[in-house]
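Trainee: Here it is, the structure in full.
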């Protein structure tokens, strides 16, 4: 199926035509298998115009089709009329590059292809104070790294983006986010309960604010009237009187076994410590308190309403694709409850209809079951008439000493400009594989392009300025004790204000305290083992007494000497270290080194099967050192037990990646992007880290599998 653009006679005197292809939904990255998914549907007559052209013999023409262009801005009645009188219709174009579904505006407005370089400096653009504030909802927020980076990047593009709401199940992560973003409405609850709450809240706002109802319902209104008549009568001693309502939730906060709508009540003559959760049907005598809460909550936007959210971001957990899950659902990954949060995420998008969507996830969603979950996410967005674009970004390419490849999906309403993916700013030490089916979605330069990248960062660039600490470090607040040694360290120490103002180029700011510079305290046995690991590059458990490396690089106990023990009497070299990956791994108790990077910052700090020992100190990397590798600013303080802090850091989106994406979002909101290229080059001063240019690069040559 295609649009004929030219007829011509070939050198063989045959008659040919050039055809620009149309793609059906099943011909795109959206797999035919997804057309059988019942939670969304695609119109059978919808097609997508592509840039792909091919020459064909004129005899291959079978029939003429009437395919109409439907403008996304047309009213629904006009669209329906056009579609009903056609064989097929199209409202977007499709490109294999970054699996892009985008508006046809470039074609209809006559915009030509442009260079991918942004010539706008970070220091140019409109003063942020003069601009409207855009709202952001951070789902599965963790401690808030993704929204933090997005807001920082948007600020550099001249857009004020504010994280107004955040949702996460982890109470410690919520505490961290609330501390660092005091104005954000942080909700510690399940995403599916949050969606139910949004639906209930919307109904309440419509009834008591928009339509101005004066009742909670006939029974509640009658109860309210009775209360007004009896307001001067003293209450019985065993009756509590509502002072005001202070919060709302959907779920089961009192563990009754039944979900529903609940309100947190502040009782008269009692303080906040005596607040209780009460079901809505238990508030029949508190109409005025109820009405005041709904009206003030509506004014203060304590919860988002459909159409009120500008941006939704989030990384719904998809643990069902993990290689550690032996019972994965290959045939239908959505049957696995561990993947259901992707459905919930898209359901929230469908309900709130934000202008923009940004979803992050592990690359395994593009590998497992032929990329079913990644294709599903794109399919849901396109079925909701969102423009969509998929990209795989490597954290190290944006100025971090870790590789960490992640998948990102942009969504944009038809009325908005679809953001592009920012090209790398730094060289990177390559690791890992790109799934073949999505190789065109890697955010990287072409091999033939002159890249001019900054040199790859290594461990020394990120953490060499941090003070020495012991295996047992009780204090989570301390002084730096020395000046920064690298540009990365100078930047990461900045205050929130200086990062947003972009004033760190010349300014000398007052440094704050150093937070969370604590390692996971190893038990006595492990600490004794670590103290015997040599302080040298590549040192690991194989350097301990009593082991040797046999054939095919396989480690084994040395039979010629007695097995060495630690003070407790347990083996110096544990059995699990010897047997890990059939004896071929050198990761257990391995030291990192100053000129190395890490593959990915993970959620745990035990050294039993990963390289996480400090280069020169007898301990694992601290929470703050891991946070540095993720690009967290030093001002970002974390809360909870130390293991929970490692989890928060390991689960986070790398802040520099989110910052680059935030700049892209800001450019899209300002309408700066034109043309159909899916990638763009960040301004030269975007990172403001004056490192020498790399003479060569491994970016763009990541191996495929």
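Residue numbers in this text run from 1 along the chain shown.
Yeah, the Cβs are placed from backbone N, Cα and C, and that goes for glycine too.
The domain 'BAH' annotation in TrEMBL covers 1-105. The feature domain 'Chromo' is assigned by TrEMBL to 240-293. According to TrEMBL, the feature active site maps to 318.
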Trainee: If you run the three-state DSSP split on residue 318 (active site), which class comes out?
Mentor: coil
Trainee: Inside 10 Å of the Cβ of residue 318 (active site), count up the other Cβ atoms and send me the figure.
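Mentor: A 10 Å sphere around the Cβ of residue 318 (active site) contains 23 other Cβ atoms.
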Trainee: Looking only at the domain 'Chromo' (240-293), what is the model's average confidence as pLDDT?
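Mentor: When the pLDDT values over the domain 'Chromo' (240-293) are averaged, the result is 93.
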Trainee: Can you tell me how the residues of the domain 'Chromo' (240-293) break down into helix, strand and coil by DSSP?
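Mentor: Secondary-structure composition of the domain 'Chromo' (240-293): 13 helix, 22 strand, 19 coil.
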Trainee: Quick one: DSSP breakdown of the domain 'BAH' (1-105) into helix, strand and coil?
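Mentor: For that range the per-state counts are 24 helix, 45 strand, 36 coil.
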